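Let me begin by presenting the structure, written as structure tokens, before commenting on it.
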Amino acid sequence: MSSTDSVVAGQAKVSTWRKTDTRWVLGLFGTAIGAGVLFFPISAGIGGLLPIIFMLILAFPIAFFCHRALARLCLSGRSISDNITDTVDQHFGHVGGVVITFLYFFAICPLLWIYGVTITNTFIAFWQHQLLLPAINRGVVALAILLVMAFFIYFGKDLMVKVMGYLVFPFITCLVLISLSLIPYWTSDIFTSFDMHSLSLFGSHGILVTVWLGIAIMVFSFNFSPIVSSFVVSKREEYEADFGREYTEQKCAKIISRASVLMVVVVMFFAFSCLFTLSPQDMAQAKQQNIPILSYLANHFSSLGSGKSTYATVLEYGASIIALVAIFKSFFGHYLGTLEGLNGLIIKFGYHGEKSQAPMKKLNMISMVIIMGSTWVIAYINPNILDLIGAMGAPIIAALLCLLPMYAVWRVPALAKYKGKASNYFVTIIGLLTILNIVYQLM
């Protein structure tokens, strides 16, 4: 074979889209599509038609540019097997590694609290509205649910990992089917209630504030950052030795782009379908009741009474069950991350970073008691979930997903080539706006 033929063959090999790339597109997509998506329609729809259109425009840039920035940071590690912790240690030293460990834990733990509140409220709503049973004490409900989940997690973690993996795509399929099944119930109320004269840009209910608060929920809902480090390591091991780091970066960007498109299409279609079925007033009630949109839809169809169709009855019960499964799936995944983060903090400070000296079985039990105990307290207090996302969950995700990579671009020589890019300013603004949600929640 001539050298020209070799080059052509090499280029063909480089341009090939592999099955592993498709698997990672679906993997990133599946990681993001969880219980957080069940709150996005409430936040997006509460302001009516115009804010959700603005969010539709922002959805892909937020999902793509923010995750690409984090992937570029992960790609800057010296070795192809370096994960984000190794890379941060290289760039910012031991202190930086400790800070990231703290951020990692406090980015995931509030999400676990959010899901603890959510699964309690969802079960209570199902108990009262679908099963038509008398009200029960939420403290007892939360404790019982957490004890059952703790039992399954402690004694069957490996089995649960497999089960949760199998549930990802059935959940996505159910989400799409529910979006389609709502079409017969679409109304024109959202358009007839639209009044240009009553719109305002500013104020607590203005378009800008609604979109600003919606950005935090978008960062929370369109988030597959926990898997980005593993994704980058996998792609570096697959491509970098043969094709170089620049090509690997381009391949990662393409995979993230396709995953983001898929995610935005599914989530935004679900959000619009809910908005066309319900009304902004319904969304406000869902926020006040502190339940996910599927639970509210179930209650909505339940209220139709004896005149409802079999189709509506299936939607009523199906929506509640899917919501419970989705929240449990997200709770389990975030529990493992919280456990890892808390164990990491205890080992770092209690055992001077020597994992081999830590009694892991005892440590796991202590961490479980702390995690489940704090989750029960929050679930009993029942803070507003959307406010909790805006005040705690989304801002810390934004610090890791948006601001850390942008700081690294400014500080780290290996990332200097990305300085001055327009997307950097966009990612930084999104990160700052999300973090400023804390200020709004305190006002």
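Glycine residues also receive a Cβ, built from the backbone N, Cα and C atoms like all the rest.
Values in this document were obtained by computation on a predicted structure and should not be read as measured data.
The following features are taken from Swiss-Prot:
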- 24-44: transmembrane segment (TRANSMEM)
- 45-65: transmembrane segment (TRANSMEM)
- 95-115: transmembrane segment (TRANSMEM)
- 140-160: transmembrane segment (TRANSMEM)
- 163-183: transmembrane segment (TRANSMEM)
- 207-227: transmembrane segment (TRANSMEM)
- 259-279: transmembrane segment (TRANSMEM)
- 319-339: transmembrane segment (TRANSMEM)
- 363-383: transmembrane segment (TRANSMEM)
- 385-405: transmembrane segment (TRANSMEM)
- 423-443: transmembrane segment (TRANSMEM)
Below 8 angstroms Cβ to Cβ, which residues of this chain, lying six or more residues outside the transmembrane segment (140-160), approach it?
116, 119-120, 123-124, 127, 328, 331-332, 335-336, 364-365, 368, 372, 375-376, 379-380
Considering only Cβ pairs within less than 8 angstroms, which of the stretches 163-183, 319-339, 363-383 has the most against the transmembrane segment (259-279)?
163-183
Outside the transmembrane segment (363-383), six or more residues from its ends: residues with CB under 8 Å to it:
109, 112-113, 116-117, 119-121, 138-139, 142-143, 146-147, 150, 153-154, 290, 335, 338-339, 342-343, 346-347
With an 8 Å cut-off on Cβ pairs and a sequence gap of 6 or more, do the transmembrane segment (24-44) and the transmembrane segment (423-443) reach 3 or more such pairs?
no
